[in-house]
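Peer 1: Below are the structure tokens for one structure; questions will follow.
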Amino acid sequence: MNRFVIADSTLCIGCHTCEAACSETHRQHGLQSMPRLRVMLNEKESAPQLCHHCEDAPCAVVCPVNAITRVDGAVQLNESLCVSCKLCGIACPFGAIEFSGSRPLDIPANANTPKAPPAPPAPARVSTLLDWVPGIRAIAVKCDLCSFDEQGPACVRMCPTKALHLVDNTDIARVSKRKRELTFNTDFGDLTLFQQAQSGEAK
């Protein structure tokens, strides 16, 4: 099981502090400054959406240059290897991969890019992925758990309500055990007598 960041929508206040922290941290390390997570809002609650670091990682499967790999229990993307094909963004079932880029320094700002033909029409479902701007290289960006920072993900550290948590195998096993215990209590009654009996047998 990979590590990933999970959000508690009951604590999230939709302040976008996590997005700002993510953007600034990556910018300081020379990476694309686009936030690796996006706060989603509805009428009742809010919560950030970000990479789930899937076990099968469809984004890594479709990447033609192996820019996306599994490293230290997380799915990491090497921006320097990205060739802007956008297959990973199309393959991601959670829409957790965005594309960002900047104009190379040797291309003047007044280059004749406005005269270039517009991007060809695309289905609404993938239109944002297929949009392009002449002279700007689109780089895939996704949550990397701030692997370059010993303190861990900036979003987790900076969230004012502690709505974000980094979880790993141990955390998942503990929660799973607790859920099983609660289910047993619901179906078979109080566990206390059962646990006492088990303790007595052990003695």
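Note: Cβ is positioned from N, Cα and C throughout, glycine not excepted.
As the structure is a computational prediction, the values presented were derived from the model and not from experiment.
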Peer 1: With Cys22, Cys143, Cys146 listed by Swiss-Prot as binding [4Fe-4S] cluster 2, identify the candidate in Cys12, Cys155 belonging to that site.
Peer 2: Cys155
Peer 1: With Cys51, Cys54, Cys59 listed by Swiss-Prot as [4Fe-4S] cluster 3-binding, which of these, Cys15, Cys92, Cys159, is given for the same site?
Peer 2: Cys92
Peer 1: Report the residues of the chain - excluding Cys63, Cys82, Cys85, Cys88 - with C-beta within 8 Å of the mean position of the site's C-beta atoms, for the recorded [4Fe-4S] cluster 4 site, in sequence order.
Peer 2: Cys59, Val62, Pro64, Val65, Ala67, Ile68, Leu77, Val83, Ser84, Lys86, Leu87, Gly89, Ala140
Peer 1: Applying the rule Cβ within 8 Å of the centroid of the Cβ atoms of Cys22, Cys143, Cys146, Cys155, what extra residues of the same chain belong around the [4Fe-4S] cluster 2 site?
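Peer 2: The answer, listed by sequence position, is Val5, Cys18, Ala21, Thr25, His26, Pro35, Arg36, Leu37, Leu50, Asp144, Leu145, Pro153, Ala154, Val156.
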Peer 1: Measuring Cα to Cα, how many angstrom lie between Cys54 ([4Fe-4S] cluster 3 binding site) and Cys155 ([4Fe-4S] cluster 2 binding site)?
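Peer 2: Roughly 19 Å, rounded to the nearest whole number.
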Peer 1: Write out, in the order they occur in the sequence, the residues of the chain not among Cys51, Cys54, Cys59, Cys92 that have a C-beta within 8 Å of the mean position of the C-beta atoms of the recorded [4Fe-4S] cluster 3 site.
Peer 2: His52, His53, Ala57, Pro58, Ala60, Val75, Cys88, Ala91, Pro93, Phe94, Ala96, Ile97, Lys142
Peer 1: Could you check what DSSP calls Cys63 ([4Fe-4S] cluster 4 binding site) once collapsed to helix, strand or coil?
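Peer 2: Looking at the DSSP assignment, Cys63 ([4Fe-4S] cluster 4 binding site) belongs to neither helix nor strand, so coil.
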Peer 1: Cα-Cα separation of Cys51 ([4Fe-4S] cluster 3 binding site) and Cys146 ([4Fe-4S] cluster 2 binding site), in Å?
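Peer 2: About 12 Å separates the two Cα atoms.
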